[in-house]
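Novice: Straight from TrEMBL, here's the annotation block:
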DOMAIN    B:69-257  domain 'ABC transmembrane type-1'
TRANSMEM  B:20-40  transmembrane segment
TRANSMEM  B:75-92  transmembrane segment
TRANSMEM  B:104-125  transmembrane segment
TRANSMEM  B:137-157  transmembrane segment
TRANSMEM  B:194-216  transmembrane segment
TRANSMEM  B:228-253  transmembrane segment
């Protein structure tokens, strides 16, 4: 234990930083992309809606590992070579945007149709209705599922251990240490405590956000 | 389309209709352009040549893919069954009247839920071997996958129990049922009916997690795909086909969950309308 901390302490912190960086970028960009896709999905343009539906069902149902392997190993054969860390981030963005889209749709369905009718009766345009009535309500009613999504993005960032990242994320570091030194249970326990604590902190912040912004109907 | 979505553009005027038509044409053109670009990328990189695709006409290739799928299903069913039982055990612990049991169960649930399954699989792969224990690759996949699912299902069960109307429990107590009898005869059967859709939906996550068999070479779909790739040096088509299989299988499971959910909702509304 002592040896572990003196020798690998800093590496642990750095790797944890890499995990957090990957997760945060992927979650935020996934949220933005997912919101954009949601707007397309409720637009009155049938082919766009259909295409986005297919996008959502595809990336919601594909295993993260299968998608990552495809992006890392198959795309270069199609002439798209991307560095490893962006590969992991892109994978997580694709998946989290699909789930964001799904969550937001549930949120939108919870809005009363009468509100939209009232807005239209006042002559508001589609874009005004979407940005000032639909999205704020939908976003505030899906805080809980989005918190769950963020936690699962953090957990899924562990798939970064499957590719040779320049700076290993937490799970990758643990396997490296174990391949070298056979430290066993302690390294794994330390890493999983870090993951668990991160999840608990995100859940705590999410509850605070929900108290402040959730709509009570 | 939901009622809210319909309300957004029912009874459109001539101007809006024109805009919708323009939007439709533009998006069709954009989607065609995207499709053409993808096919073009395949074409200039020679990925459309028959050497990369011909082996899909061989029956033994599909038999091998099928064997991978069977491996995936075997791991998913194993994990699913363990999780159904362990989830129930953890839920009982979490709802126990004895405080230390409750704390322990809560800690176990949070720990299993918050730890990446992949980290746990690496643990099963590396640590028992260091201690001189031999574990088959099947269990290296199934133990971590079912551990995560158990923790999630424990919470699903708990929300199901919470969803059973309180009056049901009171009625049981007034009939002289003990706490245990009440649970077994009144609460649990209703809970099961409520949570079935969520249990089925969770199966998608279990199927996804079996892909981690890739790490420990348990013969599931991803691992068998790798073998085919090594044999025919055809990377893009094989991974594409395998990804499509995963999407279709999981899509089917989530549709099933959805169908169960609506059937359940239909039951509830018809029960209400009878009152």
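Just so it is clear, glycine is given a Cβ too, placed from its N, Cα and C backbone atoms.
Mind mapping these onto the model and telling me what they sit next to?
Specialist: Only residues 6 or more beyond the boundaries of the transmembrane segment (B:20-40), in the same chain, are considered here, and those with a CB under 8 A from a CB of the stretch are 9, 12, 48.
For the transmembrane segment (B:104-125), the residues of the chain that approach it from at least six positions outside its boundaries are 90, 92-94, 96, 135, 139-141, 143-145, 147-148, 150-152, 154-155, 209, 212, 215-216, judged by C-beta separation under 8 angstroms.
Nonlocal intrachain contacts for the transmembrane segment (B:194-216), taken as residues 6+ away from its ends with a CB within less than 8 angstroms of a stretch CB, comprise 71-72, 75-76, 79-80, 83-84, 117-118, 121-122, 124-125, 137, 140-141, 144-146, 148-149, 152-153, 156-157, 159-160, 163-164, 222-223, 226, 246, 249-250, 253-254, 256-258, 260-261, 264.
Outside the transmembrane segment (B:228-253), and at least 6 residues removed from its termini, the chain residues within Cβ reach (under 8 Å) are 42, 47, 51-53, 55-56, 61, 64-65, 68-69, 200-201, 203-204, 207-208, 211, 221-222.
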Novice: Looking only at residues six or more beyond either end of the transmembrane segment (B:137-157), which have a C-beta under 8 A from one in the stretch?
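Specialist: Contacts with the transmembrane segment (B:137-157): 74-75, 78-80, 82-84, 86-91, 94, 105, 108-113, 115, 117, 120-121, 123-125, 191, 195, 198-199, 202, 205-206, 209-210, 212-213, 216-220.
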